[in-house]
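Trainee: Sharing a structure below in structure tokens format, with a few things to ask.
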Amino acid sequence: MTGQERSEEKSECVSLSPMMEAVPAPPESERVCVFGTGDLGRSLGLRLLQAGYGVVFGSRRPHSRSSLLPHGAQVLGHAAAAQSAHLIFIAVQREHYDFLVPLANQLKGKVLVDLSNNLRKNQYPEANAEYLQSLVPGAEVVKGFNTLSAWSLQNGPSDANRQVYICGESVEAKQAVIAVATKLGFSALDQGFLSVARELEDFPLQLFPQWRLPLRISIGLSAAFFFYLLIRYVIYAYVTQGEDISFRIMVSLANQVCPIVSLIMLSLCYLPGVLASFLQLYRGTKYRRFPNWLDRWMLCRKQLGLLSLGFAFLHVLYTLIIPIRYSVMFWVTEHTVSVIRENRTTEFDTTTAWRGDSYLSLGILGFGLYVLLGITSLPSVSNALSWREFSFIQSKLGHLTLLFCTAHTYLYGWNRFLSSSTYKWYTPPGYMLCLVLPSVVLLLKLLLITPCVDRTITRIRQGWERGADQRNPKDSQPLIP
């Protein structure tokens, strides 16, 4: 773990200095010990002091480390520190656990909280906490606090890192650690016996575990549509007309890929919920598990939505720079000069104006709702909302966002699908392909909100099961008051 004390193999007991002896010692029930004076150990000690605990640091060089530690904490040798408290936090790396072996007698009956992590998975044959227990068999080892960083300890718990996972063999030892975590403002979750310690030690090593599938989907869609549009526009123009428009790759092509991927991923956020509703409707019960693939899909909807919002932001930014592009300014200037030379006039088309304004208006409304969905998905905001409020925004307004964005894309295409020139090399444009999935999702959702279907779905989610009345006729009889 970054910043923990790199202790030597052996540590001798160090006597107290006169200054340290003068510090009044708090009662042992409110005193805790921290082995390790690195970043994590110091941050944990500071947090414990702020919570009202008496903190004793165990160090191999107590005199030289006292100036680095939080004001109000005592610094003793390892043996003296071990005797001063019942609860001891081990904030050192596994390779330096050997100094605990000579302290086996002093640590007997103590609760040792192992905070260590490894640099990679399966680095050692057993978990660090299990190894610690084998070194000090007389102590009660609890794995915990290893998912917290020194920064989060210094700044206090926030919504993103409020949970503390613990595991251990002794119920009493775990209760003691839970009490400390609760007093520090964290929410402790008991994960079971010490055999779970390896899982807890792997938590900090995971890199965006909930984001892997959404990131793969977004990268795959972006690459697929980029090459598809590259072939349809850039390569097609070069092959058929000998025109080099490769400069459009940087902005024009990117500005087509971003909204396409954004709309598809927004559809993927709401498609699993629709499929789950139809599955419950087909089964006639809510008491059967969804398939594993659907469960996994539903668990990553938030990440899909945030990535979708990111692509929408890129689309907005690319659109805003269109007027300042050299190619656009050159084309506008040439067109204006050409019209003046030829003395041509163009009549105002009301239909085109309606279409353009509606297209822009729906895009702005859709993006505004997009941003609202992203803001309410933040833990600090969602925690301030009731479940009904959160459900209304994420479900009702979410489907409205999908409707606006889909309509925005339909208005972009308008009647181009009637022109044969739209289908270059007999392939449909990208915006047509991206309309398939959101249109399907909206149609399925429309079926689900019809009164007869919605009534049945509501009854199923309230516990009703199809065929239950025939199996238990007494249950269907009304209760007589």
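The backbone N, Cα and C atoms fix where each Cβ goes, and this holds for glycine too.
Quick caveat, the model's predicted, so the values are computed rather than measured.
Sharing the feature lines straight out of TrEMBL:
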type     : residues : note
DOMAIN   : 31-117   : domain 'Pyrroline-5-carboxylate reductase catalytic N-terminal'
TRANSMEM : 217-239  : transmembrane segment
TRANSMEM : 259-282  : transmembrane segment
DOMAIN   : 260-404  : domain 'Ferric oxidoreductase'
TRANSMEM : 303-324  : transmembrane segment
TRANSMEM : 359-385  : transmembrane segment
TRANSMEM : 397-415  : transmembrane segment
TRANSMEM : 430-453  : transmembrane segment
Trainee: For the transmembrane segment (430-453), which partner among 217-239, 303-324, 397-415 gives the most CB pairs under 8 Å?
Mentor: 397-415
Trainee: Taking the transmembrane segment (303-324) as the reference, which of 217-239, 359-385, 397-415 gives the largest number of Cβ pairs under 8 angstroms?
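Mentor: The listed stretch sharing the most Cβ pairs with the transmembrane segment (303-324) is 359-385.
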Trainee: How does the domain 'Pyrroline-5-carboxylate reductase catalytic N-terminal' (31-117) divide up by DSSP, counting helix, then strand, then coil residues?
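Mentor: Once the DSSP states are binned, the domain 'Pyrroline-5-carboxylate reductase catalytic N-terminal' (31-117) shows 40 helix, 22 strand, 25 coil.
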Trainee: Which residue counts does DSSP give the domain 'Ferric oxidoreductase' (260-404) for helix, strand and coil?
Mentor: 121 helix, 0 strand, 24 coil
Trainee: What mean pLDDT does the predicted model reach across the domain 'Ferric oxidoreductase' (260-404)?
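Mentor: Summarising the domain 'Ferric oxidoreductase' (260-404) by its mean pLDDT gives 93.
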